[in-house]
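According to TrEMBL, the protein has these features:
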BINDING   A:Asn27, A:Lys157  xanthine binding site
BINDING   A:Ala129, A:Asn130, A:Gly131, A:Lys132, A:Ala133  5-phospho-alpha-D-ribose 1-diphosphate binding site
DOMAIN    A:53-155  domain 'Phosphoribosyltransferase'
There are 2 protein chains.
Amino acid sequence: MQELEDRIVAEGTVRPGEVVKVDSFLNHQCDVTLFDHMGAEWAAHFAGRPVNKILTIEASGIGIACVAARHFDDVPVVFAKKAQSINLDGDQYCTSVYSYTKQQAYPIILSKRFLGPSDHVLIIDDFMANGKAMQGLLELCEEAHAHVEGIGIAIEKGFQGGGDALRDEGYDVDSLAIIDEIRDDGTLVFRH
Amino acid sequence: MQELEDRIVAEGTVRPGEVVKVDSFLNHQCDVTLFDHMGAEWAAHFAGRPVNKILTIEASGIGIACVAARHFDDVPVVFAKKAQSINLDGDQYCTSVYSYTKQQAYPIILSKRFLGPSDHVLIIDDFMANGKAMQGLLELCEEAHAHVEGIGIAIEKGFQGGGDALRDEGYDVDSLAIIDEIRDDGTLVFRH
């Protein structure tokens with residue numbers, strides 16, 4: 001998506017550890033016009049899929065998912081919560097996600113009332129790198145026996161392999177900007 | 001707002017400690033059509049105010065704020081983050097919010113790049129009870145010398161006093177549903 005790539009180039013900054021910071025429009029300050037255009041792109045890509053729910057994870061995914069949902073007949077958005085601890089009361093789906101940044105796993109939870117076998121889910125998130133968070137969301141869908149119709153990502157760090165691994169598994173992953181390389185001078189190389 | 005009150009009555013549940021749980025449409029699963037109608041209500045109430053930014057706090061406020069922003073000429077949304085620890089690098093506004101639920105204070109932060117003296121801010125959040133989180137957001141605005149044009153809340157627990165205290169201070173607080181009493185049988189009494 002040209003508009004998104006242009007914004008990444010214009011406003012993104014590369015930090016040590018191949019971190020691409022885009023907090024001026026994506027995940028701290030939110031450009032809702034851009035979010036709307038992103039929603040339109042995913043709606044075109046996933047046209048014909050019987051999506052009846054959008055799943056995301058707090059916090060950065062929520063705004064994008066809620067604006068994008070308007071392009072999918074206003075289907076409900078449900079977001080997985082990062083929990084303090086595993087809750088074993090049986091009302092929640094639960095799995096854990098390993099974070100390389102924090103070098104530890106954290107639990108994510110989702111109420112069983114909001115995802116089940118009748119759901120056809122589009123998963124949306126702001127970033128995909130190694131795909132660990134997405135793996136967690138897919139595990140929640142599996143636990144719920146929900147059908148995953150597709151995965152919509154704003155920015156995929158292609159060189160970290162998470163997206164391609166999911167494509168190899170048969171998932172329809174639509175990333176609106178895929179960064180395949182960060183050169184030593186900070187130049188970003190996009191996949192086209 | 002009748003639509004919101006109806007949903008609270010139909011789907012909300014009252015939990016011990018006067019907790020009103022509305023996670024089927026407001027803060028775990030998100031009804032984006034309702035969010036859109038809420039945005040229209042705030043836009044009518046705050047019409048004429050020169051709002052150029054919406055401020056909220058993660059996580060539940062983000063979806064509501066992003067959908068509502070579409071009714072305010074797509075102004076940017078910025079959300080305060082709940083931080084692990086106070087960051088003293090000088091790039092961020094920072095304050096702390098006392099949580100009665102957790103019986104402890106947690107820091108909230110906001111990048112200085114996204115709020116400043118030229119900003120006319122509408123603060124949006126899903127809930128207001130004693131108003132401690134809102135106090136934190138107001139402190140961030142004060143630190144930034146930003147002008148607070150108003151406060152839009154989905155559900156205010158009127159009996160906990162946070163909203164009325166802010167009105168007494170002169171803030172324009174538009175809560176779309178104000179619960180003034182939770183009777184022993186669980187009946188909710190709304191302010192009209």
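Just so you know, the numbers here start at 1 and follow the chain as drawn.
Keep in mind that glycine also has a Cβ here, set from the backbone N, Cα and C atoms.
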| request: Whole-number Å only: compute the distance from the Cα of A:Lys157 (xanthine binding site) to the Cα of A:Ala129 (5-phospho-alpha-D-ribose 1-diphosphate binding site). | output: 5
| task | Look at the binding-site residues A:Asn27, A:Asn130 and tell me which residue has the greatest number of other C-beta atoms within 10 angstroms of its C-beta. | result | A:Asn27
| Between A:Asn27 (xanthine binding site) and A:Ala129 (5-phospho-alpha-D-ribose 1-diphosphate binding site), the C-alpha gap once rounded to whole angstrom | 15
| said: Using a Cβ cut-off under 8 Å and a sequence separation of 6 or more, which residues in the same chain sit near A:Ala133 (5-phospho-alpha-D-ribose 1-diphosphate binding site)? | reply: A:Ile57, A:Val97, A:Asp125
| remark: DSSP composition of the domain 'Phosphoribosyltransferase' (A:53-155), residue counts helix/strand/coil, works out to 25 helix, 45 strand, 33 coil
| query | Neighbourhood of the 5-phospho-alpha-D-ribose 1-diphosphate site (A:Ala129, A:Asn130, A:Gly131, A:Lys132, A:Ala133): other residues with Cβ within 8 Å of the Cβ centroid, in order? | reply | A:Tyr100, A:Met128, A:Met134, A:Gln135, A:Gln160, A:Gly162
| field | Residues that sit under 8 angstroms from A:Lys132 (5-phospho-alpha-D-ribose 1-diphosphate binding site) by C-beta distance, when 6+ apart in the chain | value | A:Val97, A:Tyr98, A:Ser99, A:Tyr100, A:Gly162
